[in-house]
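In what follows, a single structure is set out as structure tokens and then discussed.
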Amino acid sequence: MEHTYQYAWIIPFVPLPVPIAIGVGLLLVPTATKSLRRMWAFLSVLLLSIIMIFSADLSIQQIKGSLIHQYVWSWTINNDFSLEFGYLIDPLTSIMLILITTVGIMVLIYSDNYMSHDQGYLRFFAYMSFSNASMLGLVTSCNLIQIYIFWELVGMCSYLLIGFWFTRPIAASACQKAFVTNRVGDFGLLLGILGFYFITGSFEFRDLFEITNNLMDNGGVNSLFLTLCASLLFVGAIAKSAQFPLHVWLPDAMEGPTPISALIHAATMVAAGIFLVARLLPLFTVIPYVMNFISLIGIITILLGATLALAQRDIKRSLAYSTMSQLGYTMLALGMGSYRAALFHLITHAYSKALLFLGSGSIIHSMETVIGYSPEKSQNMVLMGGLTKYVPITKTAFLLGTLSLCGIPPLACFWSKDEILNDSWLYSPIFAIIACFTAGLTAFYMFRMYLLTFEGHLNAHFQNYSGKKNSSFYSISIWGKEGAKAIKQNSVLSTMNNNESAYLFSKKTYPIDGNVRNMMRSLITITNFSNKKTSPYPHESDNTMLLPLLILVLFTLFVGFIGIPFDQGGIDFDILSKLLTPSINLLHSNSNNSVDWYEFVTNAFFSVSIAYSGIFIASLLYRPVYSSFQNLDLINSFVKMSPKRIFWDKIINVIYNWSYNRGYIDVFYTTTFTRGIRGVAELIYFFDRQVIDGITNGVGITSFFVGEGIKYVGGGRISSYLFLYLFYVSIFLLIYYFFNL
């Protein structure tokens, strides 16, 4: 066992040979390197699998009751200061290692087929391997300096991955937005690290916790300064995990390839912020104001993320806001001190969200054979619908991921979210009400995504989307100004209508005529793909993409059982509590996670009822009515006879506009900060060029003309020099005489 821990330092370095070899190979032997590109994908999966096996062994040792292991190498700079580097293996590290490696392997296998058509295939796997290495280094770090180094590397990898298609202006802008937003958080994190070094004189976690506790007990530190430093540390996590108000980069990060989105949202970048708060939670717990701040940010993010997801049309951006909201639950749990529930939800959400993102990638991949390569179209749920019969395996996987995120038992997220909701009632009834209401919103917008994508008819075959005039396939009215107006006026919280009620879909069916079929055949050729097959209908993805989906389905079905909170009949399923026992004792020394069946069912009934309510409302509004209800007249008469119909339409329009425009937060940031900073920069530029440069240039020009004047005065005659000398002497004598009167 000791040998296992002694060699744990190698974990972050195992994936590095792939990006190094690819980089050197492309420089020295580019042709051979490109011809063996599948080998690099296999090597990436193999190396990460080795780490997964190693991490599983470490986790087993932790479950058996092994203590925390830390190995440190000291680098002495002088007698007063030294830097220590090493690695820390504890329950939190073990959980994160398993999470990163399992999700990473699934994403790499999936990417082999998904990126097979892309010319940047090798660059993609180099970035992915380096990103995995950076995240592994982050979770094994034993001090704040190491964490900050790998923190920046994770941010750099995310910048490269989000901007992978950097030739697209929107992708280049998205990676810059993510980079700048995270610089705000990173600056706060750096200030917090320096502040705690000033307070404690150490970067090590153990010293940091012990010294801070002693100083708090003895009153040896200014509590306001300590709170400020701890809040600055948390600012880094706010930006990394896309919490309010530094969440604006997350939806734009969807401009990268879909496997990148799955990795960032499940196991790397956004998980890094949660990991940082979990790692420093013993420090935060002694500062009540910081814990309240963490829970406040969490509950705001929960509600904001859910409301912003309500009216999104892009399937990946909808999932991005879902990630934002679900990580808000995790942050809320950490702020409440529910360490176990927070990590439990981080695990269950990671597998469910990886399944959903890879499922959305399969959907996008199938839609590209119909629509062509255009992310704006292939990711838009307006053009989907009726995919059940075309991609049945993807549909089943996506449905299970959706139900899991909705909180339907016995899927993974049900167990963790239910635990957070129960703890929230003990912490704050107001927070609990908001969290429960948002659980219903989550079920609503997730099932909305599912219904718009898989139910009804394939909308990409419609020749006319607005129902007003004919348009060509690549000038669909919804993408233009007129179509946008029609949608805004006639559709509320719905992505399509045909001059029908805002609440209901049209009963009409739309047969595909010959002109549309001919038009489709001429437009579906995808020149960027090596596979030149064309089809007027989507098709199921290849087995290489379906295999990770099926494995993640198993995780979604069964990973929740590691944290079942009840112990009956001598059967203890709660593996998670066994693994986290050393960390839980640090915060809740007298806690008992086990509950009986009656208490569990009572607590779960309320949350499941809320989830089913959200699903029912989504089905009522977004499921095609001709497949759900026989009595259409009854429903339509109910809608028309309502005396407050206009009032409710106005309210729903406000909600729709709020959601679709991202809560106007991006507009506010653009107007206030971006344009404000640019205005200040232009003012400084004007002052520099006109005032500073004007003074400098003015002195130079004045000196030049004075010199020119003197040049003409000095003609070489001694009498002229004598005259000027006597003239200036006389002037100085007069001045002297005047001031001495």
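From the backbone N, Cα and C atoms, a Cβ is placed for every residue, glycine too.
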Of 354-374, 648-668, the range Swiss-Prot labels transmembrane segment: 354-374
Feature contact check the transmembrane segment (40-60) with the transmembrane segment (89-109), CB under 8 Å, 3 or more pairs: yes
The transmembrane segment (147-167) and the transmembrane segment (721-741) contact flag, 3+ Cβ pairs under 8 angstroms: no
Beyond the flanks of the transmembrane segment (9-29) by 6 or more, those residues with Cβ under 8 Å of it: 40, 43-44, 47-48, 50-51, 54-55, 71, 86-87, 97, 122-123, 125-127, 129-130, 132-134, 136-137, 140, 150
Cβ-Cβ under 8 Å with the transmembrane segment (600-620): same-chain residues at least 6 beyond its ends: 406-409, 414, 417-418, 421-422, 436-437, 439-445, 447-448, 451, 503, 565-566, 628
Intrachain residues whose Cβ lies under 8 Å of the transmembrane segment (283-303), provided they are six or more past its termini: 208-209, 212-213, 216, 223, 226-227, 230-231, 233-234, 238, 243-244, 247, 277, 324-325, 327-337, 427-428, 431, 434-435, 437-438, 441, 587
For the transmembrane segment (40-60), sequence-distant contacts whose Cβ falls under 8 Å of one of its Cβ atoms, 6 or more beyond its ends: 4-5, 8, 11, 14-15, 17-18, 21-22, 89, 93-95, 97-98, 101-102, 104-105, 108-109, 111-112, 122, 125-126, 128-129, 132, 136, 579
